[in-house]
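Undergrad: One structure, pasted below without further comment.
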Amino acid sequence: MKNRLIVALDFANRKDALKIVEELGDLVEIFKVGMQLFTFCGPKIISEIKEKGAKIFLDLKFLDIPNTIEKASEAATFLDVDFFDLHISGGAEMIKAAITGAEKKAMFLGRNRPKILGVTVLTSQNSNISQVVDLSLIAKDNGLDGVIASGLEASEIRKRTGENFLIFCPGISPVWAKKQKDQKRLVSPKEAIENGANYIILGRAITSAKNPREATERILEEIE
């Protein structure tokens, strides 16, 4: 089950981020690089993590005019990330531009393009399930590989989008972990997987734990 757990490297420096990758590398296959780490460390952090044999989910939540997003997608593909995301609310033209940019650069480099995911509604915000499902259907209809959504909505998304559509779930809280005040729509790791999530994303429950490795092992046991 290790390939279903993504650890968020929400750090402001490369030392702490790379320490977690080294510590958990045999337990976790995919690490998430978000705005904080990418802004502090720049693109080099991607190659440093990849050199340790890990996969990268670049979580920058692209949202801009189509031409800008096409170029940003080319850049993400050049960095050899495995997944990146954008806001579905940017619309069909923006989504298609992202796919075009990634495919163009991947073809030039002679490799597969990254999987592109659509952000539905942030787990720090309130939402209704119909809103999230509608956004998920827009994502699928326009060629995205999957969505990022709360585990509370994963079951309905799975029913409406089928088995081959990826669902990434943040807002995951193990029963034993301290609850985060900035997250409103929380589910446990087991609940998210049972509801249809392909991947669950956890950060502070692991990286702020006294023993990150032990915390990771407990989560993996829960979703087996």
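Using the three backbone atoms N, Cα and C, a Cβ is placed for every residue, glycine included.
Sharing the feature lines straight out of TrEMBL:
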DOMAIN    4-219  domain 'Orotidine 5'-phosphate decarboxylase'
BINDING   Asp10, Lys32, 59-68, Thr123, Gln183, 203-204  substrate binding site
ACT_SITE  Asp59  active site, for OMPdecase activity
ACT_SITE  Lys61  active site, proton donor
ACT_SITE  Lys61  active site, for OMPdecase activity
ACT_SITE  Asp64  active site, for OMPdecase activity
Undergrad: List every residue in the same chain as Asp59 (substrate binding site), at least 6 positions away in sequence, whose Cβ is under 8 Å from its Cβ.
TA: Ala8, Lys32, Val33, Gly34, Met35, Phe84, Asp85
Undergrad: When you measure from the Cβ of Ile65 (substrate binding site), which residues in the chain that are at least 6 apart have a Cβ under 8 Å away?
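TA: Set apart from Ile65 (substrate binding site) by at least 6 residues yet with Cβ under 8 Å, we have Met94.
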Undergrad: Around the Cβ of Lys61 (substrate binding site), how many other Cβ atoms lie within 10 Å? Please give the count over every shown protein chain.
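TA: That number is 17.
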Undergrad: For the domain 'Orotidine 5'-phosphate decarboxylase' (4-219), what's the model's average pLDDT?
TA: 94
Undergrad: Can you tell me whether DSSP puts Asn67 (substrate binding site) in helix, strand or coil?
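TA: Going by the DSSP assignment, Asn67 (substrate binding site) falls within a helical segment, counted as helix.
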Undergrad: For the recorded positions Asp10, Asp64, which one has its C-beta crowded by the most other C-beta atoms within 10 angstroms?
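TA: Ranked by Cβ atoms within 10 Å, first place goes to Asp10.
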